[in-house]
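Here's the structure we're looking at; comments come further down.
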């Protein structure tokens, strides 16, 4: 067995590692990599592909809409319902479509006018419900549906037959200020109804033209959405699907079965939906079997059946099955439990248990009702739920619910509209059906053997008991849903495999996962929200402290005191006597005490701290509340009464009788979270012992061993997070953390803590000094090729003398280097933006509009948000509101989206790399920089057979190729004092050819880096003998050979 010990500190964007052999630090390093998710402006997470996927969906929608209009236009021309010549088409398109739609119900239209009506229906087809996506639509979708229902009611109450007729009469009532017809939420059914009405009315006038074949094609009448149907090559769309199909076809939502995960216990089976009644009961039984009641009388934990007698747990299951959820106060009241009884789930700040959510929805007033749902057989209930979950067409879902499940049309409508719980469990229906009988008799899901574990009794093993295949090197990581961990696993694999190749097999691995990496996306969001809330509260407390007295500094210690004082209601928790603000900070009469003695529990968290009078703290001394007051029951009960309003975890510390240091140490060396167990399972493939360490003791040991000061020039003992190497220090501490050292820390009581070996600090300092932080490089084409904004040219080829051809445009700026874009007036946030408005008359109207609001447009400054919105919306003299303006912009980087078509221009996206060439000038070589944008790099990548590489490395008219640098790549340069430093490229400026960089150890946020503004021009690069290098995952520098 190897004696090598590896410590790993794993974060969302970093991996610190340290390798030990006995009492020797062999090596250590840091690997930095991009986060596995993108962040929005509020810091919230979103998938790296989400923005790209949304944009692609919009492009696809626009393309399909345009394609539909093209295909329909061709079909109408072929059917004789639309003119062939473009000039004649323009004439027909100039007719008011709403007037024609209203007229078509009662009067004869010409074939071309009828074609105009069909084209207009195709452009705005209304909303077609898709039940699969509607279930997650939320309140916004409910509002849209309410608007649709109201519009339908308005049409009926006004006495009109169709939407088109209603809109025509609505818009023709006031010629001076016509009512806006667009922007209403409409249903697809309204348009289909209108199509049917118009077709039936006009078929009386054109019976030979408007045939059933033209209407529905050979496919016949269809309901949508529908899976696309193939057609013969010699068959036109019109022949196959008819005009109705061309107007209203919508493809069925495609959900590949592969997105549903495999069962953890039965890998051949798919996971069971959470809404399944079997899964609901499984969850309820699992929670009830794990539920414990804590009695204040003897401080012990009991199961429900142990405390309340046999069958009480079954009664609790039945009670939970009758509702969507039950709060703990409701459970106490139902089973007549005293208020002093606590539940173990409350220690996680939970306030309730989930019930049978699916049955509760069907039992409710919006479902079938309790009586009706109870009459339906379980088999039929399961089928109803399957149809509601899986069928995405509402009409087919209703049909199946009535024909196959025996529901009335009203009941089917109610069932189909229910929003059942989404998502899937970790287990399949088969596995759940095997586990349920054992859960029904009170067994917990997991335990040590078949006598106390449903998992074992059903013939399964816990994940940690399953045989793991052994490898010499780590294989491809498992597919995990947590993107932060998924990213980190690949980096772990690179580092560990590199270490094995370099130093041989490992003996032990000790791992600590950052809190963010261990949580789910929902939990990380809650943490982010809680942190933001805590920051706001701390800011308020800091202000309150300053208001009390300028002498009270808003330090972390004082804020903590104030929080504890607030939590306890301003009283000493031990004596019940009040503590004034003056006593809290100034008198020396008040202490912060550890409920469980700190050096016996190694617990320095807020959950183990209270505020109390110093005199009574001295009396309590180094004892637990139980050890201190157990002989005086009256005083102890009074103390427990005062703790009732404290958080559950803190209350439990007051009744704890024994403080076992061994138990705490063992807990610190065993992180049981799901992600930690999954990581340990992956690393077990190397066949070595794995310890997943909790992080609470890492900071303690790091501080007492004096390692924090190694990265601080001023010798401060505060952790320096602005240096990437702090991850390596953490890894060193993790690698040295074992039961022996945690016991030594407790025994030393935080004073003169013994170092693992005498020269630890010297060895760590030496290792940090020679460390090269490894940064992961992504040189591939990734990201937008160009910016999203589309610009238009101002200089038209067909208008060489604009002012003569368009007198109204004589003041317009028109030039090859000037482009124009449309911008909402609400986005004009500064008066300087007004100068860029292309039309002088519009600019003058907006300036006058601001003057009326006492805002001087000639004076630089911000424009209030409400200046151009609501009742302040500016208007043309005719009364037409000004919602958007055309703004000019100058630049030489604009490019046409399509070659040869200058009607749509855009700015290229981010820069991909800069290439340096040595050019001969006055007999000397001078470096020049050539920046390649992502657009050009993508073109070269697409045509690698001709280009050979995304980087042009050929010596030629540009000079001798020196090297290229992309964002994230590394280079060495010589400083003024002759020291060679390793740097990372963080930004490239195309115009100035500057490369902005940071030192490889610099971990400061972007705002601080921008403030420093470190950059190098091509000339600086040459003068400093810059050399491109690569840094391996272990921090070894190699020449890039670029």
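Note that Cβ sites are derived from N, Cα and C of the backbone, with glycine treated the same way.
Note that the coordinates shown come from a computational prediction; the quantities given were computed from them, not determined experimentally.
Record features (TrEMBL):
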type	residues	note
BINDING	9, 516, 727	Mg(2+) 2 binding site
BINDING	9, 512, 516	Mg(2+) 1 binding site
ACT_SITE	9	active site, for RuvC-like nuclease domain
REGION	37-57	region 'Disordered'
COMPBIAS	37-48	compositional bias 'Basic and acidic residues'
DOMAIN	520-669	domain 'HNH Cas9-type'
ACT_SITE	594	active site, proton acceptor for HNH nuclease domain
REGION	860-879	region 'Disordered'
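For the domain 'HNH Cas9-type' (520-669), the model's pLDDT averages out at 82. Here the region 'Disordered' (860-879) has Cβ contacts under 8 Å with residues 176-177, 825-826, 828-833, 845-846, 849-850, 853 of the same chain, all six or more residues outside its ends. Within 10 Å of the C-beta of residue 727 (Mg(2+) 2 binding site) there are 28 other C-beta atoms, taking all protein chains into account. Across the range of the domain 'HNH Cas9-type' (520-669), the DSSP-based residue counts are 93 helix, 12 strand, 45 coil.
For residue 512 (Mg(2+) 1 binding site), the count of additional Cβ atoms within 10 Å of its Cβ stands at 27 [all protein chains shown]. Taken residue by residue with DSSP, residue 512 (Mg(2+) 1 binding site) is part of a strand.
Summarised by DSSP class, the composition of the region 'Disordered' (860-879) is 7 helix, 2 strand, 11 coil.
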